[in-house]
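K.L.:
Pulled the feature table from TrEMBL, pasting it below:
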type: TRANSMEM; residues: 34-55; note: transmembrane segment
type: DOMAIN; residues: 48-299; note: domain 'G-protein coupled receptors family 1 profile'
type: TRANSMEM; residues: 67-93; note: transmembrane segment
type: TRANSMEM; residues: 99-126; note: transmembrane segment
type: TRANSMEM; residues: 147-164; note: transmembrane segment
type: TRANSMEM; residues: 208-232; note: transmembrane segment
type: TRANSMEM; residues: 244-267; note: transmembrane segment
type: TRANSMEM; residues: 279-301; note: transmembrane segment
Amino acid sequence: MILYMAPPSNYSTAPVSEFLLICFPNYQSWQHWLSLPLSLLFLLAMGANATLLITIRLEASLHEPMYYLLSLLSLLDIVLCLTVIPKVLAIFWFDLRSISFSACFLQMFIMNCFLAMESCTFMVMAYDRYVAICHPLKYPSIITDQFVVRATIFIVVRNAFFFLPVPVLSSRLRYCAENIIKNCICTNLSVSKLSCDDITFNRLYQFVAGWTLLGSDLILIILSYSFILKAVLRIKAEGATAKALSTCGSHFILILFFSTVLLVLVITNLARKRIPPDVPILLNILHHLIPPALNPIVYGVRTKEIKQGMQKLLRRL
């Protein structure tokens, strides 16, 4: 995709076919030091999620809706990592700062869409735990393979529909002069603010769409766990409360971590004037690395069936 600069005399009329990503504009010397831990986290995220997917695929006892949803979460994590981190490492190692317009807007779409897909997946997983604990007798008839298929279609269609306009709106802006993005990745605000057009609607749409979807997911997750907690407190059998809570402990930890990291990222972006601009950039990168690296590890450590499946897989190797 090639966008042309605006025709007025104040701007060049030469076509612009790419952006230049400038990571950490104030502290570019950080790049060499950061490349090693980021590379290790990237390898950990890829390896852990791939191991989890293979384990669930090969272990027949894990062919259940709950683990299918976990597989979906791992797939989303892998795509997010592959969309962002290889380009960041290419900038750090080889100074490959250029990114084409089409690649930039594709990255923008995947980041926005898949982040919302993760949030929606957590919401579906919370509903799965709600049914398992609050309505255990109905669980086999409600949470079926068909339910997982329908939930997956809903997750993909809902978020693709709402976030497709974000890169479309940005790509239709006129980029008049500057094409240097002071970021490691093509976020909507980092790109659109280079335009000479009014970007008020662009920013407003992302804000409303993002908070509507993520906010509704968070509300439903809180409601699910409120009902779960209420049901667990009613259980009087010895040890039953701890057992019930352990079945959703891993999921709750992942949701808490996902929400906390996202909240920190939002707060740092809102307080840009009070903190160095490189801090939100670093947090944005880590948000695409740390949750994907930790998600399969938390489930692998806390879930007996997955731990046993991974041990069998490692013995085969």
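Cβ atoms here come from the backbone N, Cα and C positions, even for glycine.
Bear in mind that TrEMBL entries carry predicted annotations, made automatically and left uncurated.
Structural setting of the listed features?
P.N.:
Taking Cβ pairs closer than 8 Å, the transmembrane segment (34-55) reaches residues 62, 70-71, 74-75, 77-78, 81, 85-86, 88-89, 92-93, 282, 285, 289-290, 292-293, 295-297, 299-300, 306, 309-310, 312-313 in its own chain, all 6 or more past its ends.
Mean predicted confidence for the domain 'G-protein coupled receptors family 1 profile' (48-299): the pLDDT average there is 88.
If you look at the transmembrane segment (67-93), the same-chain residues 6 or more away from its ends with a CB under 8 A from one of its CBs are 21, 23, 31-32, 34-35, 38-39, 42, 45-46, 49-50, 52-53, 56-57, 99, 107, 110-111, 114-115, 117-118, 121-122, 124-125, 128, 145, 148, 151-152, 155, 184-185, 285, 288-289, 291-292, 295-296, 299, 305-306.
Under 8 Å from some Cβ of the transmembrane segment (99-126) lie the Cβ atoms of residues 1-3, 16-21, 66, 69-70, 72-73, 76-77, 79-80, 83-84, 87, 151, 154-156, 158-160, 162-164, 166-168, 170-171, 181, 185-188, 191, 206, 210, 213-214, 217-218, 220-221, 224-225, 251, 254-255, 258, 288, 291, all in the same chain and six or more residues away from its ends.
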K.L.:
Let me spell it out: take the transmembrane segment (208-232), skip the flanking residues so only those 6+ beyond its ends count, and list any with a Cβ under 8 Å from a Cβ in it.
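P.N.:
Residues 112, 116, 119-120, 122-123, 126-127, 129-130, 133-134, 158-159, 162-163, 165-166, 241, 244-245, 248, 252, 255, 259, 262 contact the transmembrane segment (208-232) from elsewhere in the chain.
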